[in-house]
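What Swiss-Prot annotates here:
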TOPO_DOM  1-37  topological domain 'Cytoplasmic'
TRANSMEM  38-66  transmembrane segment
CARBOHYD  THR72  O-linked glycosylation site
CARBOHYD  THR80  O-linked glycosylation site
CARBOHYD  THR87  O-linked glycosylation site
CARBOHYD  THR92  O-linked glycosylation site
CARBOHYD  SER105  O-linked glycosylation site
CARBOHYD  ASN127  N-linked glycosylation site
CARBOHYD  THR139  O-linked glycosylation site
CARBOHYD  ASN163  N-linked glycosylation site
DISULFID  CYS173-CYS186  disulfide bond
DISULFID  CYS176-CYS182  disulfide bond
REGION    187-198  region 'Binding to host heparan sulfate'
CARBOHYD  THR199  O-linked glycosylation site
COMPBIAS  204-215  compositional bias 'Basic residues'
CARBOHYD  THR231  O-linked glycosylation site
CARBOHYD  ASN251  N-linked glycosylation site
CARBOHYD  SER253  O-linked glycosylation site
Amino acid sequence: MSNHTHHPKFKTLKRAWKASKYFIVGLSCLYKFNLKSLVQTALTTLAMITLTSLVITAIIYISVGNAKAKPTSKPTTQQTQQLQNHTPPPLTEHNYKSTHTSIQSTTLSQPPNIDTTSGTTYGHPTNRTQNRKIKSQSTPLATRKPPINPLGSNPPENHQDHNNSQTLPHVPCSTCEGNPACSPLCQIELERAPSSAPTITLKKAPKPKTTKKPTKTTIYHRTSPEAKLQTKKIMVTPQQGILSSPEHQTNQSTTQISQHTSI
């Protein structure tokens, strides 16, 4: 309570309590003088004052308790300093050497395992594994970047093919007469003679043949009206010829004679 005595609300409560004391003393004096009506009004006012003061004190205690219960979200400066002090130092070459030497000393101090049955001795295989772990922890994995070839640059040629291929001297077979050592060279030269590079001819793709179907052509001749009349006359002329035949004439003459006789 000593911390909260300087709060302004507590000061007002103290003043209200003192005023209520004086008020009670005055009521007692009035009761002695038999003034009951005034005493009743004073008691009601005093009861109202006490109730309000109790409500105010309850609100103050609740607000103070909630403020204490809430944790601080942001860390203080002391906490940050403690965290910085507890962080381990980064791995340097000196630290790596010291740890490496300490591990070696511990491994050397351990005696090798001896089999009593076979009489063979063998060292601990943990040295290699521990050294590998330390190297993996100390040296980070180097990220290998693929070589970037600029545009238009040819890829590197394999020089192993040039080194592996042995160039034999060209020995003509005509000079190998009587030399037994020359004949295999001549044969090898013939086998390994560089053949002429084959010429690549690009064949053009044949165009697809399209077979066209023959179309029937109908020719229409225009005939003039004069030509039509000539064709009609040609058709009529043989009939006239038939009528003007000699047999027809004899028949006509006989009919005329018969007619004259009848008359």
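Cβ coordinates are placed from backbone N, Cα and C, and glycine is handled just like the others.
Everything Swiss-Prot records as a feature, shown here on the structure.
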residue : record                      : Cβ neighbours (10 Å)
CYS173  : disulfide bond              : 13
CYS176  : disulfide bond              : 16
CYS182  : disulfide bond              : 15
CYS186  : disulfide bond              : 17
THR231  : O-linked glycosylation site : 10
Round to a whole number and give the Cα-to-Cα distance in Å for the pair CYS182 (disulfide bond) and THR231 (O-linked glycosylation site).
106
Tell me the Cα distance separating THR231 (O-linked glycosylation site) from CYS173 (disulfide bond), rounded to the nearest angstrom.
99
Cα-to-Cα gap, CYS186 (disulfide bond) vs THR231 (O-linked glycosylation site), nearest whole Å:
100
Tell me the Cα distance separating CYS176 (disulfide bond) from THR231 (O-linked glycosylation site), rounded to the nearest angstrom.
105
